[in-house]
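Novice: Found this in TrEMBL, in case it helps:
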ACT_SITE  Glu954  active site, proton acceptor
BINDING   Phe93, Leu130, Lys148  FAD binding site
BINDING   Gln474, Phe505, Arg619, Ala785  Mo-molybdopterin binding site
BINDING   Glu509, Arg587, Phe621, Thr716  substrate binding site
DOMAIN    145-251  domain 'CO dehydrogenase flavoprotein C-terminal'
DOMAIN    308-401  domain 'Aldehyde oxidase/xanthine dehydrogenase a/b hammerhead'
Amino acid sequence: RSSSACSSHSTEGLRRLDPAEPRVYGPVSSERVQLMDACCGDAFLFLHVSVRIVFGAACTLSHMGAVLRKAVQSLPPHQTEVFQAVLEQLQWFAGQQIRNVAVNGSREVLMDDSFFTGYRKTAVEPQEILLSIHIPYSQKVGFISAFKQSPRREDDISIVTAAMSVTFSPGTDVVKDLRLSFGGMAPVTVLARRTRQQYAVSIRQWGEELLQEACSLLAEEMSLDPSAPGGMVSYRRTLTLSLFYKFYLRVLQKLRLQGLSVQEVSSECLSATERNSLLRLQAVPEGQSLGDVVGRPIMHLSALKQATGEAMYCDDVPLYENELYLALITSTKAHARILSVDAAAAERSPGVVCCLFASDTVFADGQVTCVGHIVGAVVADTQLHAQRAAKAVKIQYEELEPVVTIQEAIVAQSFYKPIRTIQCGDLEAGFKQADHILDGEIHIGGQEHFYLETNVTLAVPREDGEMELFISSQSPSDSQAFVAKALGVPANRVLVRVKRMGGGFGGKESRTSVLSTVVAVAADKLKRPVRCMLDRDEDMLITGGRHPFYGKYKVGFLQTGKVVALDVTFYSNAGNSMDLSQAIMERALFHMENSYSIPNVHGQGFICRTNLPSNTAFRGFGGPQGLMVAEAWITDVAHLCLFILQVRRLNLYLEGESTPYNQILHGVTLDRCWDECLSRSEYERRRAAADLFNRQNRWTKRGLAVVPTKFGIAFTATFLNQAGALVHIYRDGSVLLTHGGTEMGQGLHTKMVQVASRVLGIPCARIYVSETSTNTVANTSPTAASASSDLNGAAVLNACQTLLKRLEPYRTQNPKGSWEDWVSRTKDSSCGHSAWVYYLGYDFDTNSGRVFNYYSYGVACSEVEIDCLTGTHKVSSSGLNAAVWVQVEGGFMQGLGLFTLEELHYSPRGVLLTRGPGSYKIPAFGDIPTQLTVSLLRDAPNDKAIFASKAVGEPPLFLASSVFYAIKDAVRAARAESGMTGPFRLDSPASAERIRTACCDRFTKLV
C-alpha cells in the first residue's frame, strides 16, 4: 500500500485464469517469464532487475524482509527509500509465525487509490490469481516514508496508515511532486489529490511556509463525518497532520545530508524523526531444608502438560454417546418488550432436537434488559447445526429507551439500593482548615476478562435425578446451588467438577451460572448429555466485565501538601442486574484513600442500573477503581504544591493509624517499600535525566511516577472467609489432596501441595491434586479475593496436622522407619477438615468492625516515553517493591492493559462493538516494560496467614497505574510547551487517542 504514493512504476503482475484459454493478463517481459518459471519450481522466489525487485507470489513476508534488508545494505541509499519504508511497516505487521507463511502476489496494475474499490475489496477479479509484486528502486531526487498508528504496535489493525513521497527538482529543494496517501480516513485508501495538485502547479520550497500551507490543506481535505465508523474522528484527523509533520522533518534531514541549504531540524525536534525483564526471586530463610519447598520457586504442576497441549480442559472431555450441542438465542435489543418469538424455521433446521424458551424457567420472559440477554436455546446434534438454527429464530420487539452510560444513569436517577456511605472525622472543619481546595473527576473504563478458555459446560444426566457437570468455574458450589434450584432437586443430586480453567480473573465466579443452568436444564429435559462452549464474541457479549467507574472528588490540603479533607463520590456501571456490584462498590469505598492517612473523609457509592450485560467480579474487585481515583487527586495536589514525590511520602500511613472505616493498621511496611523502590529504581537520577530530556526534545517527552498501594485481604462478605480440605494417604505412601479452591493457572494447587509437603515432611512428587468437586469438599467459597491460598492453605494445614497426630504412635514405635512403613500400619489415613480462618465483620451504619484480615503493601516506579505527535508510548522501565509472595508480573501486565490499552466500546443503543481480538486489544509481548524489575520486601513476616505468606493475586494489578501516571507526567511536560499548566483530566485507559488529544499543540488546533 505504501508504494501507491511512491512511484508510477510500482505495479503488480497477475495471471488471469480462463477455462477456455489460460493466458497472462497484461504485458509480460522476458524477466517476468523467467520469474514465473522460477517460482513454479520454488527455487527462486525473487528477482533483481535494473529498476526494481520482483517478488514471486510464493515468497513469504519473512523472506521478503530478508531480501529487502540485504538490498538496503548493498545498494546506494537513494535507491532504497521504498525498501526501508516497507521494512519499517513489516516489523509491525502480524507476528513472526504469520510472516513466515504469509505470501503475496499481484497483477499488472498501479497500486494507487483505484486499486481498492471498496472496504476489503480490490481491483483483482474473482478469476485472477496473484503472481508477483514489483517494488521499485527509489530515485535520488525523491524521498519516501511510511507510517502506521494502531492501538497496539504489534499485530494490530491500524487506526491510520500513511505513505508519503516527495520528488524535488534535481539539485534543489523545490517540490516537483508531493504524494500523500492515507488508510483509515475512508473505506478505501485515499490520496490527498488537492494537496498534491497545489504543488504540481506552483513552485514551493521545502520549508516552514510549505508545512503550514500543506497542513491547512490536509485539514480540509482529510475530513471525516462525526459518525464515521471506528470513531476517534478528531484523533484520526490530527494524525494525518502529525504524520505529515514527521515526514517533513525526515525530508529536511535528508536534504541537508545532500548538501542543500535548507532549514536545520532543531535538536529538540530530532526525536520526532526517529524510527528485557529482570526478576528477583523471594529470598528463602537461611538454614531452610532443601526438601522444604515453601517459598522456593517450583514449576507449576501442570506447566509441562499445558505447554505440550496434554492438559485436559472442560471441552477436552471426550464426546459422550448421544451427546447434543446447545446454542444460545440472545437479544439484539438493549431494552425492549418481546412481542413474539418464531422458532418454526429453527425447529425445521437439520439436526435440531428441541428449542427452549421462557417456559423452561431460566430465560428472559416478556422483556429483555440488555443486548445478549438469553432468550432461549437450540439443542441439536452438532455445534454447527445448533448455531445455524439459533440464528433462524425470529423475535419481534417493542423497543424501550435504554440507559447505557453512567452519565445517562445519573440523569435518569437509575440506581440500585443501597447507596453506601463511609464517613469519619469532621469534613466541614477539615475543608475550613485547608489552605487550598481542589475539585476534579476521572472516568475509569471497563475491562474484558479475555481468559483463553471461554465459558463452557458439559451436563450429563444420571439416575435418580442426578446431574453431573463439567464446568469452567471459580465457584463450583454456587454453580451447584443454581443448577439444583433450576432443576428442582436437592444440592446433593448435583455434582460439579472442575479440573482446571484456562483463566478466570473473576469472570467465572458468578457469571458461569448463566450458561451452566441453561445447559443443565436442557440435559435434564432431554435425558441426554448436552455441551456448550461459547464462542469468543458470545462470551464477551453475554458475561460482562470489570465495572466502569466515574469518580468525583473534592480535596482540601495544606500548603505543605498534607491532605486534611476528602469528599469523594463513586458511580459504577453495574449493568442489568446487581450480581456482585454491591460488594464491588463497598471494596472501592474501602480503598478510596489508597495508602494515605486523611483525618476527615466522606465517601459515597452509587451503583448505576443500566441496559448493559451485568458487570461482575474482576481481579481487584472494585479496589483498583477506588485506588485510581485516589491517585488522581493526590497527583493534582502534588503538582500544585510543586513537591511531586514529597506529597505522596508525606501522606503515607504510619503504623497504628486508623483507616476511614476505623480499622487500626498493624505491620505497615509502606515506608520501607517506598524507600526501597526509590533506591532500586534510581529515581533521582532518572528524574533528572527525564527533565533534561524534556528540555531538549519538543515532540517526545518522558515521565516518571511512583505509586503506592494498600490492598485489603479478605472477602468482605464475612461468611465466605472459610475453606475445606480432604486429604487421603494411601498404603503405598502416596497422598491425594483435595481442597475447596479451583486451579485457573494461578498455581493454587501447586501452593497447596507445597503446604502439604512441608507439614507431612514428604516430597511434592508424592502428593497429587486431581480436581475440585462438590462431592469431596462441600459449600466452598469462590476462588477469589486473593484469599484462596490463605483459606485453603489453612484447611490443608489442619487436615495434615490431624493425620500426623494419627501417625505419631507408629512413628514413636519405629523412629527409624520410612514414611511407607508408618502409613502402611494405620487404617485411619483420611481426614477432611474445614477451617474458619478470618473472624471479621463490619457495620456500615456505625462505621465499626474489622473489614480485612491484613493488607498487602507495595510501591511501583515507572518511566515512560510518549510520542506527542501520535500519542504512542513505551514503558522504559517499571520497578515494583512489594510485601507479597510471587505472581506479581502477570497482575502488573493485566493492570497495564486496564490503564493504558484495553477499551470496551458500546453503541448508543447498548450494542458491544468490541467483540474479539480484532477490535479489543490486550497487552502483547512488546508492551512489557523494557526493564521490569520485581523485588519482594525481606524481613516482613505476616502472622495473619499461613507460613507468613501474603496474598498476591490482586494487589500487584494496581501498581501498573504507575505507568498511567508516568504518562500523565509526560503529557504535563508536553502541555507546558504550549503554555498550559495546572491540573488536567486524563481518563483511563490512557490510549494513544487520549494522550494525543491531551498534548495540545498547533496541529490539534487545526482540527
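Quick reminder: no glycine exception, Cβ is built from N, Cα and C everywhere.
Quick caveat, the model's predicted, so the values are computed rather than measured.
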Novice: Counting across all protein chains shown, how many other Cβ atoms sit within 10 Å of the Cβ of Phe93 (FAD binding site)?
Specialist: 17
Novice: Name the residues of the same chain, 6+ apart in sequence, whose Cβ is under 8 Å from the Cβ of Ala785 (Mo-molybdopterin binding site)?
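Specialist: Counting only residues 6 or more apart in sequence, the Cβ neighbours of Ala785 (Mo-molybdopterin binding site) under 8 Å are Phe621, Ile713, Ala714, Phe715, Leu720, Glu954.
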Novice: Which value does the mean pLDDT take for the domain 'CO dehydrogenase flavoprotein C-terminal' (145-251) in this predicted structure?
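Specialist: That stretch averages a pLDDT of 92.
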Novice: Take the mean position of the Cβ atoms of Gln474, Phe505, Arg619, Ala785, the recorded Mo-molybdopterin site. Which other residues of that chain put their Cβ within 8 Å of it?
Specialist: Gly504, Gly506, Gly507, Glu509, Ala617, Phe618, Phe621, Pro782, Thr783, Ala784, Gly953, Glu954
Novice: Using a 10 Å cut-off, grab the number of neighbouring Cβ atoms around the Cβ of Thr716 (substrate binding site), all chains included.
Specialist: 20
Novice: Rank aside, I only need the closest one: which of the binding-site residues Phe93, Leu130, Lys148, Arg587, Thr716 has its C-alpha nearest to that of Gln474 (Mo-molybdopterin binding site)?
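Specialist: Smallest Cα separation from Gln474 (Mo-molybdopterin binding site) among Phe93, Leu130, Lys148, Arg587, Thr716: Thr716.
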Novice: Based on Cα distances to Leu130 (FAD binding site), point out the closest of the binding-site residues Phe505, Glu509, Arg587, Arg619, Thr716.
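Specialist: Closest by Cα distance to Leu130 (FAD binding site) among the binding-site residues Phe505, Glu509, Arg587, Arg619, Thr716: Phe505.
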Novice: Lys148 (FAD binding site) to Phe505 (Mo-molybdopterin binding site): how many Å between their Cα atoms?
Specialist: 33
Novice: Between Glu509 (substrate binding site) and Phe93 (FAD binding site), find the distance joining the two CA atoms and give it rounded to the nearest Å.
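Specialist: Cα-Cα distance, Glu509 (substrate binding site) to Phe93 (FAD binding site): 37 Å.
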Novice: Let's see if you can do this one: DSSP helix, strand and coil counts over the domain 'Aldehyde oxidase/xanthine dehydrogenase a/b hammerhead' (308-401), in that order.
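Specialist: Per DSSP, the residues of the domain 'Aldehyde oxidase/xanthine dehydrogenase a/b hammerhead' (308-401) fall into 21 helix, 34 strand, 39 coil.
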Novice: Which of these binding-site residues is closest to Arg619 (Mo-molybdopterin binding site) if you go by CA atoms: Phe93, Arg587, Thr716?
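Specialist: Closest by Cα: Arg587.
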Novice: For Phe505 (Mo-molybdopterin binding site), which residues in the same chain are close in space, meaning a Cβ under 8 Å from its Cβ, but six or more apart along the sequence?
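Specialist: Listed in sequence order: His449, Tyr451, Phe618, Arg619, Met744, Gln894.
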Novice: Can you give me the same-chain residues 6 or more apart in sequence from Arg587 (substrate binding site) with a CB-CB distance under 8 Å?
Specialist: Phe621, Gly622, Gly623, Gly626, Gly712, Thr716
Novice: Counting other CB atoms within 10 A of each CB, which of the recorded positions Leu130, Gln474, Phe621, Glu954 comes out lowest?
Specialist: Leu130
Novice: Once the chains shown are all counted, how many other Cβ atoms turn up within 10 Å of the Cβ of Arg619 (Mo-molybdopterin binding site)?
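Specialist: Total other Cβ atoms inside 10 Å, all chains included: 26.
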